[in-house]
Structures are given as structure tokens and as C-alpha cells.
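**Q** Sharing a structure with you now.
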Amino acid sequence: MSSKEEETKAILCQSSACPNGNPPSRLECPTCNKLGIRGSFFCGQACFKSGCALMPKTDGCDYFLNSGISLQTFVYCVLRIQKIHKIIHDLVNSGSKSSALPEGIYNPFPNFQFTGSLHPWYPLSPRRKVPDHIPRPEYATTGKPISEIKAQGQPPRILSLEEQEKMRTVCRLGREVLDIAAASIRPGITTDELDEIVHNATIERNAYPSPLNYRGFPKSVCLSVNEVICHGIPDKRPVVEGDIINIGWSTFQPNTNPYTLTDKYDFLDISIYFDGYHADLNETYPVGKIDDESARLIQVTQDCLNAAIALCKPGTLFRDLGKAIEPVAKAAGCAVVRTYTGHGVNDLFHGPPNYIPHYAKNKAVGTMKAGMTFTIEPMINLGTNGNDVHWPDNWTATTQDGRRSAQFEDTLLVTETGVEILTAGSRHAKKVLP
């Protein structure tokens, strides 16, 4: 018998209404133990689950049959007491998070039930300035991408050779900015400091950071750490050894019908606006040494994107990309996030095709044609849960179960013979695929 088991057995069952007369305890609530709450020792699973006299060794069935109470009363008592026990967990957990914050830093949503250990570190820094000489997209002042809204449901644009060259230029600049930001990642740097690095590198290239004020987004880049799937707002939290961080921006697609979208279909990677065109790309990086599971997640997500890119050529159906991505994720024990999709990108930050899903059996319409430019950007979660939960900031999307998520994105140009990866970096051995 371990010392822990001896300690537990020496303590009597601490339920105030133990049906067995409070014999020596045999187990402790694991969540209470983790949070440092004392007094959660029980004589068995039945007593632990109910916390009252309604659940003896027979899980309450014998008691219920012999007690004369109604089924409604029985269920109410069990659920009520279990709820109180969970509330204690939540209160202690919330308090421990808040008390760990440095002086001057606060959690703006203290009553929100975060799915993992991450929470925002406010206050946010002021909105960064863009020099007056740098051309801006139409939403830079108002936050409203009117041209995108008007283009919804229209066929994808076929870019001229001149427009394709502009896309090559802006995507090359976007890759430069992403690589600069990635080289700055280290334990202790805050996501707000990384945002400043991205912002400065962008304006040094006479470009505008596309996320800034897009539909009101307050920063120049999205930085998504650990369980954050996408759209993380840079703040005062420093990344720590073992974290993973995605630098990028993604598109929200709540409706499977691309022709019934509202003006809220886009949420927001490294994305920059230069000479009238947008680049869009993102990658996930380790912070120092990471565990094997996180390293596997990053590799699997890269493999998912590469599998989809390999299909791209004139005549490929957009809906077939998900059929290439999802089997790769599932084979590795991971799940595809369905809420967010790829999209067209050119003179519009997000345009037709508005709906490029990353999962199989989707209802995307459309066929690839030479001259089209668009993104593929799969978000992959550890485990089998691909659902997401939004923080009250109306931007940050996290995994529902608190496990980690990774994402990779490239902007692609369909050529006459295949596809050109406009945002290609060191991950790609060659830029043009036949």
C-alpha cells in the first residue's frame, strides 16, 4: 500500500450524510486534491458521486425503492449536491487564476468558465499607429469591409497576369514578416510584444497589417496559444517553455450554404495589405522544448495542409480538399475544426470562394480554375473533439475540451498545370507543384 493510500484510509469518510456510517475513506476527489481543497474524502464511489445518503453501494437504487421518495425528488437531490460540489471547484479554480496574475494585470472575464488553463491578461495596449503614407484597405477606419459583403455569393475572380504578380509580391512580403515574428518567439516574450514586432515589420515594408480594425479587431496579428484555435488577441501574457503558438488569422464559416451568408461570416494570420492586395498565411511554432504530443500535433497539421495542396490544380473540386485533410487528422487521433474555413483572397481580404471546408462530406461548391487565389488553413485539435468555444471578447476561439490546437495556412495560385504556393517558406521543398 502506498503512503497516499495509507493517508486516505486513515481519514474517515467526510460526507455529512454517509449511508455507511462514515467508515475509513478509500478515495479522494481528484479535482479537489489538485486544487488543494481538503475534506473531500469518501468511503466509496457511490458516496463520492452523490455526497449524500441517497447513493449507497447500490448507486441509490435500493434506497430509492425502499425510501418512498419520488423519482423527481431523488434526481433533484443528486443533481443539486453534485452541482454544489462543482461550484466549489470552479470558485477555487477561478480564484487561483486571478491570484496568480502580476500586479496591474487582470482577467476581464472572471466569471467565464475557460475550457483550459489559458485566460486573457489585460489591459490591452493602445491600438498601434500606421503612418499616413501607407495605403489602407477600405475597412481601416470604419471596420466594415463593404466590398467583401457585396461580393458574397459571386463567383471567384480570375486574376490577370498583372494581378497575379501583385499577389506574388504581397505574399513574399507576408512570408518575410511571418519569419521575422517566428524568429522572435522565446520563453518570456509577451504576445503583445510579438504583435508590435509584426506591426513594425509590416509598416517597414510600406504595407498595412490586414487584421487591424478588420470588423473591429484591435490588433495587427492574431496570436493563438495552446488551446486557442484561432483569433487570439495579443495581450500581456508571456509565453512559457512548452507552449505552442500560432501566428495568424482565420475565416469563420457558420453556414454550410455559401449563398446565405450574413455580413458576419468572416472573422480573422500574418496578413498584410500592399499595392491593393492581401497576403494571408499562418504557422504554429513551439516555444522552447515541447512535449511529444504537441510536436506530433504540429506535424500532423502540416501534413493535413500538404495533403490538400497536393490536390490543387484546374478542375479540382473545392469540396474534395476536406476528403484529403480529415483522414490524415483522424489517423493521428486528432479532429478537424469545422467552424473555420479557407477562402478567396486577392484585393479582398476574404472573398469568393467564401467557403473552403477542411472536413470530408462537406457541401462546398465550385471548381478550381487557373488564375484563382485562395487559402487552405486547417485547424486540428488533439483528440476527437473538433468543437470550439468563444471567449466573451467575441474573437478568441478555444477547444471545447481544453486540449491543444494547431493550424497552418498558405495562399495558393492555381496555374495552368498545377498550383503555386505564393506564401511558400522553408516547409515547402518547391514552390510550384505540377
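Cβ atoms are placed via backbone N, Cα and C, with glycine included.
According to TrEMBL:
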type	residues	note
DOMAIN	10-96	domain 'C6H2-type'
BINDING	H231, H350	protein binding site
BINDING	D280, E409	Zn(2+) 3 binding site
BINDING	D280, H343, E377, E409	Zn(2+) 4 binding site
**Q** Summarise the model's confidence over the domain 'C6H2-type' (10-96) as a mean pLDDT value.
**A** 58
**Q** Would you kindly give the Cα-Cα distance separating E377 (Zn(2+) 4 binding site) and D280 (Zn(2+) 3 binding site), rounded to the nearest Å?
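**A** Just about 10 Å between their Cα atoms.
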**Q** Distance between H350 (protein binding site) and H343 (Zn(2+) 4 binding site) at the Cα atoms, whole Å?
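**A** Approximately 6 Å lies between the Cα of H350 (protein binding site) and that of H343 (Zn(2+) 4 binding site).
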**Q** If you measure C-alpha to C-alpha, which of H231, H343, E377 (binding-site residues) come within 10 angstroms of E409 (Zn(2+) 3 binding site)?
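**A** Neighbours among binding-site residues, in sequence order: E377.
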**Q** Measure from the CA atom of H231 (protein binding site) to the CA atom of E377 (Zn(2+) 4 binding site) and give the result in Å, rounded to a whole number.
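**A** Just about 13 Å between their Cα atoms.
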**Q** Other than its own, how many Cβ atoms are within 10 Å of the Cβ belonging to H343 (Zn(2+) 4 binding site)?
**A** 27
**Q** Distance between H343 (Zn(2+) 4 binding site) and H231 (protein binding site) at the Cα atoms, whole Å?
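**A** Cα to Cα, H343 (Zn(2+) 4 binding site) and H231 (protein binding site) are separated by 16 Å.
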**Q** Within 10 Å of its Cβ, which one of these binding-site residues (D280, E377, E409) has the largest number of other Cβ atoms?
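**A** Answer returned by the neighbour count: D280.
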**Q** Just how many other Cβ atoms lie inside 10 Å of the Cβ on H350 (protein binding site)?
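**A** Its Cβ has 29 other Cβ atoms within 10 Å.
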**Q** What is the number of other Cβ atoms found within 10 Å of the Cβ of H231 (protein binding site)?
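**A** Excluding its own Cβ, H231 (protein binding site) sees 28 Cβ atoms within 10 Å.
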